[in-house]
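Pulled these from Swiss-Prot:
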ACT_SITE  Cys50  active site, nucleophile
BINDING   Gly189, Ala190, Gly191, Lys192, Met193, Gly194  NADP(+) binding site
COMPBIAS  442-453  compositional bias 'Polar residues'
REGION    426-453  region 'Disordered'
SITE      His99  site 'Important for activity'
Amino acid sequence: MHILVVGLDYKSAPVDIREKLTFQPDELGQAMAQLKEEKSILENIIVSTCNRTELYAVVDQLHTGRYYMKMFLANWFGLSKEDISPYLKFYENDGAVEHLFRVSCGLDSMVIGETQILGQVRTSFKLAQEEKTIGTVFNYLFKQAVTVAKRCHAETDIASNAVSVSYAAVELARKIFGDLSDKHVLILGAGKMGELAVQNLHGHGIGQVTVINRTFSKAKELAGRFSGAAKSLNELQCALMEADILISSTGASGYVVTKEMIEHVNKLRKGCPLFMVDIAVPRDLDPALSEVEGVFLYDIDDLEGIVEENLKERQAVAEEVELIIEAEIVSFKQWLNTLGVVPVISALREKALTIQAETMQSIERKLPHLSTREKKLLNKHTKSIINQLLRDPILKVKEFASEADAEEKLALFTQIFDIEEAAFPDGERQDERQPVHAFKRQNPQGLTSIASE
C-alpha cells in the first residue's frame, strides 16, 4: 500500500494549461467516485483550485497507480497523456504526505501563508467522506493535515499579513495607476476572490467600485458592505464603458468578456485605456483581448513578481513551518506503522478471549451452583488476567512495526502464539499489508520524493 499524488500546479503549468485541467465544483464528487473505480486505487481525494489540480490516492502499486491516475486526468478532460505529461508532478509516500501538509499550510501556494487553500482542502475532504471514496488512511491523514495547518497558523506568523491573489491584483493596479482615488473599478464575480479584491481596494481608497455577479443579490450584498454599486450580468457592457480597471474572478467555464465585446465597447470609450486582471481559472477574459488597442490584459501568472516580494519577506517564517511539518510527518508514520500490526493484535486478542470464554463455560459446567453475581465476577477477573497478560506482548508487537526486520519479527510472533492463519486469513504476507515497509523501500532518501515518468 502506498500514498501517491499526481497533479500539476502554477509552478509546473501555465494558466492556459491549468484551465484545461480544472474540475468544476459540481463535478468534483462524481470525479472522485469515478477515480475510485480505476485499477489500483484504494482511496482518493481530488483538490482542484485556480492554482492546482491534484489527485491524492492510496494505491496498491505505485507504477500501476501512477499510470491509471494520469490516464484518468487525460480522459476526464478529453486530452491525451502526451498532452499533460510534461506538466505533471508525482509525489510518493513520505513525499506525498509532506506535500499535502505543505499545501494545507499555504507553504506551497503562490502567495505564501494564504489560508484559502486550507478551506479548499477541507471542502474536498468533506466531499470525499460523503462520496465514500476514502478509508482509514485518508480519514486520518487529511484530519491531521487540517490540524497541522491550524498548528502552523497558531504557532508561527505564516498567516499573519499574508497577501492573497486578489491583493496582488490590486497591487498591480496600484503599480500602474499609483493613486486609485479617482479610478472606477469593476469587480466581476462576488465570490471569495472578488470579496478580497473589494476589501483591498476599499483599504486603498478606491474612487468607485461596481460589483457584477450572475446572482444579483450576491453582488448587491458585497457592494453594499463597501459603499459600492451592484449591477446584473446583463449590464456588463454598460459597466465596461465606465470602468478604468476590471478584476475578474467568476466560476464560469467559458470566457465572460470576449474580444468582440470589448471592440464594441471601445468605440464608446473614446480611446480611454482599460486595465484588466483575470484571476480566474479557467480564465474569464479572452486572451485575444490583448490584441485590442487600449486594453492592458494580465492573468494570474502575471502576478508572480508581486508574489515574489511576499515570498522573500516570509522565508524565515516558512522555515519554522517546515520544522513543524517534519515533526508531523514522523507522527503520521508512527500511526501508519501500527496499521500493519492491527490484524496481528486482533488475532491475538480474539484467541485469548476465545480461551477465556471456553474456560468460563468449563467452570460453569463444573460449578453449576454459582450465582449470577459470582459468574459475573469470575468473568470480569478472568478477562482482567487476559488483558494483563496481553499488555506487554501487544506493546512489543507495536514496537516491532517500526524496526527494519519487522516482517521477520512479526512472523515469529504469529508462530509463537499460533495465530498466523487468523492474522492473515487470505495468506497475505506482512509486507503486503504494511504500508510503512513500502515507504522505507520506495523512499529511502528522506522526506521529499518527486517522481518523474
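Residue 1 is the first one shown; counting continues down the chain.
Using N, Cα and C of the backbone, Cβ positions are placed for all residues, glycine too.
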Compute the C-alpha separation of Met193 (NADP(+) binding site) from His99 (site 'Important for activity'), stating it in Å without decimals.
24
Please report how many Å separate the Cα atom of Gly194 (NADP(+) binding site) from that of Cys50 (active site, nucleophile), as a whole number.
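If we compare the Cα positions of Gly194 (NADP(+) binding site) and Cys50 (active site, nucleophile), the gap is 14 Å.
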Rounded to an integer, what is the Cα-Cα distance in Å between Gly191 (NADP(+) binding site) and His99 (site 'Important for activity')?
27
Can you tell which of the recorded positions His99, Ala190, Lys192 lies nearest to Cys50 (active site, nucleophile) in space, using Cα positions?
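Going through His99, Ala190, Lys192 one by one, the closest to Cys50 (active site, nucleophile) is Lys192.
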Among Gly189, Ala190, Lys192, these being the binding-site residues, pick the one whose CA is nearest to that of His99 (site 'Important for activity').
Lys192
Report the residues of the chain - excluding Gly189, Ala190, Gly191, Lys192, Met193, Gly194 - with C-beta within 8 Å of the mean position of the site's C-beta atoms, for the recorded NADP(+) site, in sequence order.
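For the NADP(+) site the neighbour list reads Ile187, Glu195, Leu196, Ala197, Asn213, Leu222, Ser249, Thr250.
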Give the helix, strand or coil assignment DSSP yields for Gly189 (NADP(+) binding site).
coil
Taking every protein chain in this structure into account, which of the recorded positions His99, Lys192 has the most other Cβ atoms within 10 Å of its Cβ?
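The residue with the most neighbouring Cβ atoms within 10 Å is His99.
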For the binding-site residues Gly191, Gly194, which one has the sparsest Cβ surroundings, going by other Cβ atoms within 10 Å?
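Candidates: the binding-site residues Gly191, Gly194. Fewest Cβ atoms within 10 Å: Gly191.
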Within the chain of Ala190 (NADP(+) binding site), which residues six or more apart in sequence place their C-beta under 8 angstroms from its C-beta?
Val211, Asn213, Thr215, Lys218, Ala219, Glu221, Leu222
